Amino acid sequence: MDRRQLVAGLGLAPLARLLFPLPAAASDKPLKLRTLYNKDRSFSDLAKSLEGSRISVDGYMAPPLKADSRFFVLTKIPMSVCPFCETEAEWPRDILAIYTKRTVEVVAFNRKIVTSGVLELGTFKDPDTGFVSRVRLVDAVHERP
Amino acid sequence: MKTIISSALALALTGSAAVAQDTLPQASSQWFKDGQAAIQAVLDRQPNTNRAKNVILLIADGNGVGTNYATRLFDGQQKGMMGEENVLPYETPEFYSALVKTYNINAQTPDSAPTAGSMNTGVKQRFNLINLGENAIHEDCSTVEGNELALFSELMTDAGKSVGVVSTARITHATPAAVYAKTANRNWEDSVPEGCTAQKDIATQLIDALDAGTIDFAMGGGGRYFLPKDKEMGGLKGRREDNVDLVERATGLGAQFATDTAGFNQLKLDGSTPVLALFNDSHMEYEADRADDDEPSLADMTKAAIEYLSKNENGYYLEIEAGRVDHANHDGNAARVMRDGVAFVEAVALADELTNDEDTLIIVTADHEHAIAFNGYCGRGSDILGLCYDVAKKGIKHSDELLLADDGKPYTVIGYLNGTGSVLKKEEGANDYTGSRPELDQETATDLDYVQQALIPKSSETHSGEDVAIYAKGPWAHLVDGTIEQNVIFHIMNHAANAQ
């Protein structure tokens, strides 16, 4: 019998979330990056409700802008530059800026990672890189699932 | 005498075969009856030799036979079918069809510039160039002069027709540009190299065409190439280094201009003034990510274009491109490929519905295929975006058993030969690419953002040289037959438009 079965068995299922707070998405799975945005690029209700909370999001690490950084960009699909569809690299609009707790351990751009951090909403211009972000995870750590 | 004997023999054989067929054990099968009906539909075809008043060329970029197959299944599965039995609107016997060889003069694997150019000029072209003759060289401005080709849009304008171009990609991107531009480099969208005076950038060429009257209706993405650097307008932000305001120039010519759905809905489609609509700085959104109140759909734009162009009693030429089927394939993200594929299908269906077969030639095709491939042996109804389930011994639908590869892991129906989904990855500091296939479940595989597994590591999945299909309906559609070179498409359109 695992923890969930025990709770259910005691008839406490409705209280499960109160007794054993689950991660932000109310499941064991990390959030999808796209769920933080509405189609018109405004923040989703989910994003607003999670502002200030520590959440986990899955995605890919775009190649960092510089070495030994504590910053990287999380993308929903591997960030690529297509010689026959783009004349230059373009950031997708729905990205997540990640400010890490420690120096970034770089992962291949096409390796799925799960990043956990505190969700911040609102425009912020990084004084070091000049990178402007609308949504961030700060104090973040990442791992390969 | 010999001929008479042969004929008599043939008659006898046919007669006995007909008798035998009535008693074939499979004669009562629905498959058998459908097969007979399919033959009858072809027998009933009557070649349409009218002159085509209107020509509509619908291109789904990167939608080769394989990609189109996947869209057929996806569309069917979205409608509750198993998928394989689905018939896309252009796959009925009403449409003639053929295979198209897409290579460029100097490329086995084509790119979208010379492929679209070949359809718009009647000759194959060189890799990365648009509408220049075979002696022009990529990126060499000095080879432009004397190599400019005549365009179908120009010929149709001379015939008194209107011309429209619609794309979900940037309107300056290769496929739409091939309707109006001539360039030694497809990437010269908003500027040409210093000292290059033989041609202008592609965006400027579009406004020149609006001015000359060889383009009357242009709708797509790519607004940033029409506005001075950093100028903001209707949600667009300019990027032109020469600070020329092409939107101002267009409106100065009397053109209507729109940047979003609200503006689109207010356009006057009476054909009296040119229309320019640019809905995004770069490409329009993928269909999966598009908001109706932000950007119109490809079908919406198709409807508006036909309504506008049909005001010309002499007719029109309209090229419509689903530009982002290609981009999602480049990302190895089949889920978005399929959704943009269905948006294309809907645009084709609407174009057919809004026009008359008696006077309108509709051609449906692609410019090239991708390195997309399909695994086996999946049972009927396996989710085209999901995992390959085993064939069931009884019934029709696939079994509940996942097929496993020799590594013990399941695999998706769709895979790519190369791209970011490569199972070989190079980690920071590593000397080589290594890897094994990640674990996979159906929920992960069918997620909108899932990137299908690929073999060869590349930052962007590539096109392939594999054939594409062409489907046609209306005047002279029966010329679409066999396995043709891509430049033949121009000749079919030109013949239909000029038939006596």
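Glycine is no exception: its Cβ is also placed from the backbone N, Cα and C atoms.
Taken from TrEMBL, the feature active site, phosphoserine intermediate covers B:S112. Around B:S112 (active site, phosphoserine intermediate), a 10 Å sphere centred on its CB holds 30 further CB atoms from the protein chains shown.
Sequence-distant neighbours of B:D326 (Zn(2+) binding site) (same chain, 6+ residues apart, CB-CB distance under 8 A): B:D61, B:G62, B:N63, B:S112, B:A169, B:H370. The Zn(2+) binding site feature in TrEMBL is assigned to B:D61, B:D326, B:H330, B:D367, B:H368, B:H463.
Per TrEMBL, the feature Mg(2+) binding site maps to B:D61, B:H173, B:T175, B:E321.
As annotated by TrEMBL, signal peptide applies to B:1-20.
Minimal Cβ crowding within 10 Å, among the binding-site residues B:H173, B:H368, B:H463, is found at B:H463. For the pair B:H463 (Zn(2+) binding site) and B:H173 (Mg(2+) binding site), the C-alpha distance works out to 16 angstrom.
Cα to Cα, B:H368 (Zn(2+) binding site) and B:T175 (Mg(2+) binding site) are separated by 11 Å. In sequence order, B:I59, B:D61, B:G62, B:T102, B:P110, B:S112, B:T115, B:A116, B:M119, B:T175, B:V468, B:Q486 constitute the residues six or more apart from B:D367 (Zn(2+) binding site) in its chain with CB-CB distances below 8 Å. The subset of binding-site residues B:D61, B:T175, B:E321, B:D367, B:H368 lying near chain A, with Cβ atoms under 8 Å apart, is empty. B:E321 (Mg(2+) binding site) carries a strand DSSP state (E or B). Cα of B:H330 (Zn(2+) binding site) to Cα of B:H173 (Mg(2+) binding site): a span of 15 Å.
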